[in-house]
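The transmembrane segment feature in TrEMBL is assigned to 21-40, 46-67, 88-110, 122-144, 156-174, 186-208.
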Amino acid sequence: MAGVPTRTRRRELTFSTDEKRDLAIAWVALGVAFAIFIFLHMAGGAASVSGIFVLSMVTVGVGFILHELAHKVAAVRFGQAAEFRADYGMLFLAIMSAIIGFIFAAPGAVHHRGRITLAENGLIALAGPAVNLGLAAVFFPLVFAPVAFVEQVGRFGVFINVFLATFNMIPFGPLDGKTVYNWSKAVFLGVFAPCLLLTYLVFTRIGFGL
């Protein structure tokens, strides 16, 4: 029937050399941006620069890579050809904004192509923020660890993953939230509202003095 999306053949999950390069560059740039932001605006200048950088790289690496991988896995699951591409201009903006006092984290996107329904496209977009919320839940118990390093990993992990989930769920431009909103306003509200609440709790209850 004309106009009805058809299922593309099942694709394998593969990564090109260019995609691996873009993922690595975006990972480092975001790690630097979050490290700058936390050191200048949240750690009170008393923390170790190298310690913050290492913690940021590790937690950003987990949050960012799994966020993008979730998009890619979901897209491939729906028969799409999918590949991550970094936006170098936005990566530069992320670092500059961190210096000013906020982070604009739109490092790139998983671009996918093929016949797809509105719901499938919405689920692909939702996969990334959903993974970040799950990771925040995994990191949260570490906040109460008696070992200082483990506690810091927990704090960084919660902060970064809640931030990534909330920021990406904003219904604007190329962000995931707009795609989810266009698919289902109910699903969007059901995810975005808890994200906003978690962001408030992270900044007011957990704290990040190191």
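Every residue gets a Cβ built from N, Cα and C, even glycine.
The structure displayed is predicted, hence computed values, not measured ones.
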The transmembrane segment (186-208): which same-chain residues, six or more beyond its ends, come within Cβ distance under 8 Å?
38, 42-43, 122, 126, 129-130, 133, 136, 143, 155-156, 158-159, 162-163, 165-166, 169-171, 177, 180
Six or more residues beyond either end and a Cβ under 8 Å away: which residues meet both conditions relative to the transmembrane segment (156-174)?
34, 38, 55-56, 58-60, 62-64, 67, 103, 105-106, 109, 128-130, 132-133, 135-136, 138-140, 142-143, 180-181, 188, 191-192, 195-196, 198-199, 202, 206, 208
Other parts of the chain folded back onto the transmembrane segment (122-144), taken as Cβ under 8 Å at six or more residues beyond its ends:
59, 62-63, 66-71, 73-75, 78, 80, 110, 112, 116, 150-151, 153-158, 161-162, 164-166, 168-169, 176-177, 179-180, 182-184, 187, 191, 194-195, 198, 206
Cβ under 8 Å, sequence separation of at least 6 from the ends of the transmembrane segment (21-40): give me the contacting residues as numbers and ranges.
15, 47, 49, 52-53, 55-57, 59-61, 64-65, 68, 84-86, 88, 91-92, 94-95, 97-99, 101-103, 105, 107-108, 156, 159-160, 208, 210
